[in-house]
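Peer 1: Features from Swiss-Prot:
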BINDING   GLY13, ALA14, GLY15, LEU16, ALA17, GLY18  FAD binding site
Amino acid sequence: MSQSTATYINVIGAGLAGSEAAYQIAKRGIPVKLYEMRGVKATPQHKTTNFAELVCSNSFRGDSLTNAVGLLKEEMRRLDSIIMRNGEANRVPAGGAMAVDREGYAESVTAELENHPLIEVIRGEITEIPDDAITVIATGPLTSDALAEKIHALNGGDGFYFYDAAAPIIDKSTIDMSKVYLKSRYDKGEAAYLNCPMTKEEFMAFHEALTTAEEAPLNAFEKEKYFEGCMPIEVMAKRGIKTMLYGPMKPVGLEYPDDYTGPRDGEFKTPYAVVQLRQDNAAGSLYNIVGFQTHLKWGEQKRVFQMIPGLENAEFVRYGVMHRNSYMDSPNLLTETFQSRSNPNLFFAGQMTGVEGYVESAASGLVAGINAARLFKREEALIFPQTTAIGSLPHYVTHADSKHFQPMNVNFGIIKELEGPRIRDKKERYEAIASRALADLDTCLASL
């Protein structure tokens with residue numbers, strides 16, 4: 001198929017990936033037609049018509065370079081990511097993590113793109129894969145049915161999917177502050193989380209209520225398949241008590257403060273279990289329950305989650321919900337630049353490609369956007385080094401075993417190993433990987 005001669009590039013979908021792709025293309029002097037159906041047609045999960053809306057957590061996760069997602073964010077900053085820049089401008093306290101005021105952040109991304117002289121925003125649903133120009137499809141896991149059918153046809157009609165869930169959000173003014181305490185795990189960063197401590201007796205009662213609570217039904221023909229990184233809390237609870245105690249209710253590093261007078265097990269300095277609440281907006285009036293994505297019926301959420309100390313009278317401004325995420329057979333369908341193997345004028349980006357997470361989705365949009373622009377200019381494709389996070393992630397999702405392919409977060413395990421003797425200390429090893437990654441990225445960019 002010959003390269004398109006159109007004078008613009010289409011970007012379909014203005015989520016994190018599409019917003020990033022549109023910006024990267026326009027930054028390179030190429031007109032963009034950015035299509036977004038929200039505002040004309042709603043999705044089950046989105047609450048606004050803003051671009052890059054965060055529908056699950058408000059966290060971009062760890063910010064340290066000894067964390068793979070922290071490395072990926074730093075690489076994206078060096079590539080002038082619109083998502084990272086606006087995220088930084090709308091940060092809220094989150095200890096060692098990067099969390100944002102979700103509304104302020106999405107509004108600022110929307111304003112920047114809508115006011116860009118080379119970006120034409122078109123509100124409307126796309127039901128066919130365009131063939132008029134180079135196109136980046138970034139319609140996300142909530143792709144409309146009509147377009148999803150066309151994309152699934154590329155899979156031979158056998159699309160993949162998993163279920164994703166969001167955690168409840170609570171009005172802070174309804175939290176009993178006498179029963180919670182402010183602290184970040186291991187006192188890392190500023191004290192940013194409200195911690196709801198549980199004794200063993202409280203935890204066991206909570207676990208029993210959670211595992212017996214009624215879930216909202218799935219369609220009869222759909223199996224329950226969850227992404228491990230966003231598993232409903234009730235599913236996790238049914239795997240066993242230790243799954244929660246080593247997961248979202250892990251008490252390690254969250255010792256009681258000296259002035260704590262609430263119930264505790266004997267003289268233990270650390271609770272048996274802890275539920276953490278994280279600030280969800282800049283005003284600090286909303287908090288989400290960390291790791292408590294759920295598919296329980298709303299009445300059951302209220303009943304069970306009000307068993308958490310401090311939340312006995314909590315008001316839920318949003319209950320947890322679950323939705324089906326579709327993703328592609330990327331190892332068979334896409335190249336390392338997220339370009340279609342069968343149609344070189346077509347790129348895909350975001351969670352539909354099998355990357356998992358806000359930052360990873362935006363990163364895929366950045367890679368796809370840059371390479372769509374380079375194709376437009378008839379320049380050689382830019383494949384980032386596998387020693388970098390932004391190079392290793394697209395390499396993984398396009399080279400994984402197709403038969404067992406599942407969505408993947410960025411992690412040090414997919415980045416090319418260091419040469420020479422293995423560094424035993426994990427922190428030092430990750431620091432060395434990050435140092436090499438940033439040096440290699442700078443070298444790559446300097447060669448362009």
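Numbers here mean position along the shown chain, with the first residue as 1.
Placement of Cβ uses the backbone N, Cα and C atoms for every residue, glycine included.
So where do these features actually land, and what's packed around them?
Peer 2: DSSP gives GLY13 (FAD binding site) a coil state; it is part of no helix or strand. Within its own chain, GLY13 (FAD binding site) has TYR35, GLU36, ILE137, ALA138, THR139, GLY140, THR143, GLY350 as residues 6 or more apart in sequence whose C-beta sits under 8 angstroms from its own.
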Peer 1: With every protein chain in view, what's the tally of Cβ atoms within 10 Å of the Cβ of ALA14 (FAD binding site), excluding that atom itself?
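Peer 2: Here the count is 32.
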Peer 1: Cβ within 8 angstroms of the Cβ centroid of GLY13, ALA14, GLY15, LEU16, ALA17, GLY18: which residues besides those meet this for the FAD site?
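Peer 2: Neighbours found: VAL11, SER19, GLU20, ALA21, PHE51, ALA52, ALA138, THR139, GLY140, ALA349, GLY350, SER361, GLY365.
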Peer 1: Give me the count of other Cβ atoms within 10 A of the Cβ belonging to LEU16 (FAD binding site).
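Peer 2: Other Cβ atoms within 10 Å of LEU16 (FAD binding site): 34.
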